[in-house]
Amino acid sequence: MSSTGSNKRIAKNTLLLYVRMGITMLISLYTSRIVLQVLGVNDYGIYSVVGGITAMFTFINGSLSGATSRFLTYELGTGNMNQLNKTFSAAIVNHFILALIILLLCETIGLWFLAYKLVIPAERMFAAHWLYQFSVFSTILGIMQVPFGALIMAHEKMGVYAYLSIVEVTLKLLLVFTLPIIPMDKLIFWSLGGTCISFLYTIFNYIYCLRHFEESHYRFHKDIILYKQMFSYSFWDFLGNMSTLAQGQGLNMLLNIFFGPAVNAARGIAMTVQGAVVQFSSNFVIASKPQIIKLYAEGNIKEMMSLVYASSCLAFYLLYIFALPLCLELDYVLTLWLGEYPENTVQFTIWILLNSLLWSLKSSRITAMHATGKIKLSNLTVGVMLCMTFPISYVFLTWGYPPLSVFIITVIMTFSAEMVACLVLRKYLDFSLVNYLANVYGRSFLVAVLSLLPVYAVHESMSSGFIRLVAVTATSIISISSIAFYCGFTITIRNQIKDVIKNKLIKFKGK
């Protein structure tokens, strides 16, 4: 596939994902506000942490889903449709086995942890157990739909992905409207409704794939080598997912044990904000991921690395454009959104967004590493480093440090691990490490510092309110966009952007 064709497809898919993002973000933010008001701080915190128990086991699912996505996309890149079907069929078997294993773990270790380790008020333990069982069922559904979702993404059917996501959040919006008036326990009803929506989402994925992709029809085969390749890949990817677990739900449970559900509620709100803002960059990363893998499958390493450079920087800029004004205006935004919010929410959100900025720089690098299929050394070293976040945080909390220390440690460990990951990537791909660090991290840091000055100046020169929020956001968009264009990209990428703009203007004038 030509560079122009790849770029056009990425642009089209990114646009579809941004349409999805705009709708889902507005609905999700409104839904979170109502859920917090109806459930209250303690029940909202319980919802956040109890659902996290099942997430402790889904890191295994993350390993296999990463393998599924990589292998399916790779086979599409080679054009071997028979092998594509064998890969999909192997993924179905793998995920069925995985679902049984996780169900066993959740109903033994998970139940024990819920009953004896989490800090939950005695009067809410009954509701917490119902919430937990619904969460387990949703987890099993999520595992079984992974091969179908991965196939949709491998075919780059972003429109389908967007429509399904919009339907999902719309159903949640309808659910939240009934939450205040339903004559039963609100926490139980909310978790039951969420499980029903997950079931419908799984069915939609299943039906679409069966109707549109011939390779989605399961066919039994005994390709032991393929099973071995996928499981070997998944085992080493397991470490990477376990590190994400340690930095996510593991730390969430530490906060519960040391500080109770109110702090979990603050983190839950911070994660909701992060989830909304991160979509500004993750949409582009999602759209570019299949192209990176396919370019590697075609043997076009130079063009692949060029795409990795550009997508890493652009993902950072897209996130920073909105993360910067949000951090400066966070107190006003949270008050406007929620009215009252738990203590520590502002500090948690700022540090979580900072960690997300670091993740935005590494997303395309991770895709490039996955494309090679050689993830053993990367996940062994980086995964272990990130997992150390959990014991280090535990030590600091036992020393009496506040909950914010957990998030600061997370940022430090994320940055340190990524520097090691860059060294590992150089071992398997022929590129200049100095150029990579300069063009990705150096340029991103330069843009971040230079654009901060005018945005902060506007923030300090006005009184808090809606007008200042609009002014700070507008200044952020203008300053980061202009500075990123001149300082944040290589000359080659800058010329490509100019060509795209010229072509669009010519087409517009011709109409």
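Note that Cβ sites are derived from N, Cα and C of the backbone, with glycine treated the same way.
A TrEMBL annotation is a machine prediction, not a hand-curated record.
Annotated transmembrane segment per TrEMBL: 15-32, 44-67, 88-115, 130-153, 160-182, 188-209, 307-325, 345-361, 382-401, 407-428, 440-459, 465-489, in sequence order.
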Proximity verdict for the transmembrane segment (440-459) and the transmembrane segment (465-489), three or more C-beta pairs under 8 Å: yes
Sequence-remote partners of the transmembrane segment (130-153) [C-beta within less than 8 Å, at least six residues beyond its ends]: 46-47, 50-51, 53-55, 57-58, 61, 64-65, 68-69, 72-73, 88, 91-92, 95-96, 98-99, 102-103, 106-107, 110-111, 114, 160-161, 185, 187-188, 191-192, 194-195, 198-199, 201-202, 205-206, 208-209, 213, 215-216, 286, 289-290
Contact between the transmembrane segment (407-428) and the transmembrane segment (382-401) (at least 3 Cβ pairs under 8 Å, separation 6+): yes
Ranked first among 88-115, 160-182, 188-209, 307-325, 382-401 for CB pairs under 8 angstroms with the transmembrane segment (465-489): 307-325
Stretch-level contact, the transmembrane segment (188-209) and the transmembrane segment (307-325), CB cutoff 8 A, at least 3 pairs: no
